[in-house]
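Copied over from TrEMBL, here are the features:
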BINDING   Ala29, Gly30, Ala31, Gly32, Ser33, Gly34, Lys35, Thr36  ATP binding site
DOMAIN    8-293  domain 'UvrD-like helicase ATP-binding'
DOMAIN    294-549  domain 'UvrD-like helicase C-terminal'
Amino acid sequence: MSQTNILNDLNPAQQKAVLTKDGALLVIAGAGSGKTKVLVHRIARLIETGVRPENILAVTFTNKAAREMKERAIQLLTGNARSGETPTPKTTPWIGTFHALGVYILRRHGSHLGIPGNFTILDEDEARALVKRLLKERSADPKQFPPARIRQMISHMKNNPATKHDEEEEHTYPEIIRDVFRAYEEELERAHTLDFDDLLVRTLRLLSEYPDVLAAYHRTWPYIMVDEYQDTNHIQYTITKLLSKGSGNIMVVGDIDQAIYSWRGANFRNILAFEKDWPKTTVITLEQNYRSTSIILEAANTLIKNNNERREKNLWTANEGGDRIRITVTDDERQEARYVLRTIHALTQKHTRLNDIAILYRTNAQSRAIEEELIKHAVPYRLVGGTRFYERKEIRDMLAYMRIAQNPEDVISMDRIRNVPARGIGKVLAEKYKNNIPLTPKEQKKISIFENIRRILEEARAKKPVSEFLQTIIRHTAYESFLRDGTAEGEDRWANILELFTVTKEYDSVPAPRGTEQFLEEASLLADADTVDETTGAVHLMTVHAAKGLEFNTVFVVGLEEGVFPHSLSAFSGDELEEERRLCYVALTRAKSQLFLTMARTRMLYGEKTWNEPSRFLAEIPEHLITETPSKPAIQEEDIIGYDIG
């Protein structure tokens, strides 16, 4: 592919970013400005100028973004491979999330820190379950010590290791919390397992304490690109600086106006500090939006200008005009939900597809009334961030079997499946075996049968493609007969296992045992946005946070009331209010063509009825961009019941 082809369909600002090869490059990329295209085409341009693909590192924030970038890069590389060679994993850039990068580095060099190469990964749900068990063992009151909150405290202590034994911390955290933290760390160490925090904290420690390891990665990746830089936390920021300081060839892409993750440690000031970190930075701003109409963009631009901490830019589009934004005031959340349902019905009558529609809200609790209305009228919907595929019990069981075959020391996974299906190995027998207490002949037989199954699984993992390995697990554990118990629920659960076969087949081309290892890594690191299937014939429901990076033809943003959006916990702090406004900006800029904003005068939320004023964000949208609509469109409820959604 020639330079001309690489630059085709790029605007002047995008071309400049693609053609900038060496040194520090900061790309301020507004919503919908084609930043993924810029990253992919810059990769192609680097390769065209002689950079080897494997010498390029690109870090994204979701697996979905990484997959998209990989696919598009490979398409370009097929035409760019030197001497007509077809790209292979050895001749493609390394593209993935920060956590996946941590896994990659620790698998190869974690032994410096005593981490075995076959470590397994504890996902967030499993981490909370472990904390819950440890609290229960200590007879802690779950109301006083909510497991999710204690998990957050543990995360804070892990990310701030210097404070773990600080006197102030001893006053901040009760002894029971510090005791649970110690037990949590001991469980993970014994199981040769790392949680999400470990993947980054240990990687930073490794790169900081072992200069030879860092130097090796300087040689491996002289060209580094980081997407969504405004969402990096301190550890991710420091890892980026360490990896980049070898060559100084660092490109970061971000937008302060879309910084919405401070609650999980992200610091948008990292992007503000970039030019201080790299004094000779080239700065390029992408302002042309390829997603939304000019009306939607003007509303978003005007809204975000009310923030003080930002970098000035003004998105524009060639897509002039479009429908005005519709704002609807309803009496309560049920009327709001009925309005949304009626409007969706009207849209589908005009050939809008359900999968082109998204309903966004500030908090998960707001979905209840909308879900009830959609269910009542048999409208298919997909709840993003609800019970995800990999959270289902039968899927977790299969992953646990895979993990014990990969890592025999993973006692957390072992505890999950030692008696699933039931094989007579209860907690008492498991503890006896674990502590080398003499067993009766009957007990020894039960243990021997299980150990034989485990040996078979270890051999299958080492030799077989992932889907065949899964078949081996099902066959030798009798899991199919365990699930298919003659009930409808059992058949549904077995259908999930069949779907898992479909997923694992995608990894069969990766040689064993790496295929299983890669599958387990990616399954553990999935985020909400990674579960969105934009082709399914269903309306998408999700929080605004989960919608980051997505786009839909038609978007409803519900609950635009003071105390709801902006959230009551944020409305009285300057920094937090600005983040709420950025969140609203993200919500508005998810829409391509149609944008509906709703509020309810009263709302039942968290068991309490509240009377609400309109969100201040509604007043920040210019009146000439708005059409106020009645809460009861001409289409009546009886017209909707049983309608054909196509």
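Glycine is treated like the rest: Cβ placed from N, Cα and C.
All TrEMBL annotations are machine predictions without curation.
Note that this is a predicted model, so its numbers are computed, not measured.
Features per TrEMBL, on structure.
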residue: Ala29; record: ATP binding site; Cβ neighbours (10 Å): 27
residue: Gly30; record: ATP binding site; Cβ neighbours (10 Å): 25
residue: Ala31; record: ATP binding site; Cβ neighbours (10 Å): 25
residue: Gly32; record: ATP binding site; Cβ neighbours (10 Å): 22
residue: Ser33; record: ATP binding site; Cβ neighbours (10 Å): 26
residue: Gly34; record: ATP binding site; Cβ neighbours (10 Å): 21
residue: Lys35; record: ATP binding site; Cβ neighbours (10 Å): 22
residue: Thr36; record: ATP binding site; Cβ neighbours (10 Å): 17
Review point. Hey, for the ATP site built from Ala29, Gly30, Ala31, Gly32, Ser33, Gly34, Lys35, Thr36, who else sits with CB inside 8 A of the CB center?
Key: Asp255, Leu286, Asn289, Tyr290, Arg291
**Study point:** Assigned element (helix, strand, coil) containing Gly32 (ATP binding site), judged by DSSP
**Key:** coil
Review point. Average pLDDT across the domain 'UvrD-like helicase C-terminal' (294-549)?
Key: 91
